[in-house]
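Trainee: Here you go, one structure.
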Amino acid sequence: MPSSSYVSLFDSNMTTPALLPLSGRRIPTLSPGAASFPHHRATLRLSEKFILLLILSAFITLCFGAFFFLPDNSKHKISLYFAPFISPSTLISLPVPASEKHPHSVMLPPPSFTVGMVPGFLQAEEEESLRDKIRVDHERALQEAKEKLRKSRDELRAEIQTEKSKVVEDLKKKKEVPKPLPPVPMPKVVGVNDGDPVEPDVKEKRDKIREMMKHAWDSYRQYGWGHNELKPLAKKGHSTNIFGNSQMGATIVDALDSLYMMGLHDEFKDGQEWIEQNLDFSVNAEVSVFEVNIRFIGGLLAAYYLSGQEVFKVKAVQLAEKLLPAFNTPTGIPWAMVNLKSGVGRNWGWASAGSSILAEFGTLHMEFVHLTYLTGNPAYYQKVMHIRKLLAKMDRPNGLYPNYLNPRTGRWGQHHTSVGGLGDSFYEYLLKAWLMSDKTDTEARKTYDDAIEAIERHLIRKSNGGLTFIGEWKNGHLERKMGHLTCFAGGMFALGADGSPDDKAGHYLQLGAEIAHTCHESYDRTVLKLGPEAFKFDSGLEAVAVRQNEKYYILRPEVIETYWYMWRFTHDPKYRQWGWEAAQAIDKYCRVSGGFSGVKDVYSSNPTYDDVQQSFFLAETLKYLYLLFSSDDLMPLESWVFNTEAHPLPRENGVKLQHCRS
């Protein structure tokens, strides 16, 4: 019924309340034929009116009295009923008992009032709506709790995992858009395609290497896609602690530039799409700063320079920013590992009382110089130059760099020097920093020359059988053992021959050739014609592994790397022949239906597999083999410098990489 049909509950001109609608304020006429009172009873007597008035008054008093004793939430409900009749500008306040904790007033309306005059009661409606919502949510939560209690532990775990995955996806969607990088000139890139050899037999060998690459990639694509590496026998993904517990697609990033050079462009596009859609560094994973730098940052930068696709540059910079907290040490020498999410760093527990490792903190320069160039952020260049300056101030026993340095104290750890594992790429990056700067970084060249002079004096020897080898210096004693990793040095000596002091270019080219020969002998003296992890030169044994844990071959590239450099500088056909022997052995003994696997004993005619296809097999081993059977105009050394994971970065050649370094 519309509000205009009512009169007010209290009328200022009346002494008695009027509760009936206007249409019923008169007693209706009795219908004919109905039992009726006598005519003189058509109106009520005065006494009857008085009694009726008392009854009505008592009823009203009872209603309003009951209102005062209701709880607050009930009062709000009643006030909602009266809301259409009350104007905040004309309210009459009725007091409530003083015993109430918070005094209230009951607001009753005067006459002649409309709905448009009630904004004050909207708040009460909102409060009541909120209470209703809370009540519904509470009841729903109780119901959900009851349902969960009925579920099994496995069902609950599955639900929790689903919720976690949903949160991760939401975070991915909400992550901030990266800041645009400043426009910088693209360094001149040449020789990134073709390289077809003239000789048909050489081309046939190169095609075979390309087929091996496709088999390795296709197997990973089918069985390990998105994982860091592949278990080719188990046909599933694989990872190691250097990548933490995350699936970062290490093989994809590591293989990109090899795919591009070999003309496998469909495979390259597949890798690029995965990186665009899935490569995420905001993960709670503790990774090796060194390995992530050479494989991921190096691989992404190389892919960017080869293809020009911006996504690779952007991803490289995103990752580099995650590595910077590793440098937050008292000396500025970075931790070996860093958590990509929290930025917390630490060192390997086995590394000489918590020391950082020379080959790890000394193998950042090439990538970090390019990061400063591409971002305009001098921090990257400053970090690596600080390391160089710190090392220059330190005393070096016998002119040698020990493999361990404590990042807290700035003191050397155990006096162990090696050109193989733990030390190798430190010396490599000194030389390549000079080359990458278009031979203007003379400080790097001088540091390299001094280090190689000390190595020649203390570590390089010739065996009784005439094999030149590089031993390891341990606390003043030379251990006559050489590792497979050390075999890269033959190529390094050849690469650094030009520019050597005192006209020693010929000497170092010859030294490189001698190291290549020794490493070839380590291959040739095995049953499988694949080299062991380490080999000794004592007790009548030369270039042969003694311990069982040194007899394995894990698809390493260092020997083939040296063959390639020696081929480029000498064009001696024996290096292609040695490389082809190694390629045939790999294809014969390491190839399985699900990819390529390392072997545990190169001296056994029936070896067992380690069931790991390393990412560096695609990044380095197959790439160096492909380059060995290509013409010199593919990735010419006058224009490119390869990082220690075989990822090519352009030399300055007119574009000054230093222009952002200050």
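Glycine is treated like the rest: Cβ placed from N, Cα and C.
No curator has checked TrEMBL annotations; they are predicted automatically.
As the structure is a computational prediction, the values presented were derived from the model and not from experiment.
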Trainee: According to TrEMBL, Cys487 takes part in a disulfide bond; indicate which of Cys519, Cys590 is its partner.
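Mentor: TrEMBL lists the disulfide between Cys487 and Cys519.
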Trainee: Given 150-175, 176-201, which one carries TrEMBL's region 'Disordered' label?
Mentor: 176-201
Trainee: Taking the Cβ of Thr644 (Ca(2+) binding site) as the centre, count every other Cβ atom within 10 Å, in any protein chain shown.
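Mentor: Its Cβ shell of radius 10 Å holds 24 other Cβ atoms.
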Trainee: How far is it from Cys487 (disulfide bond) to Glu558 (active site), counting Cα to Cα, in Å?
Mentor: 6
Trainee: When you tally the Cβ atoms that lie within 10 Å of each candidate's Cβ, which of the disulfide-bonded residues (Cys487, Cys519) has the highest tally?
Mentor: Cys487
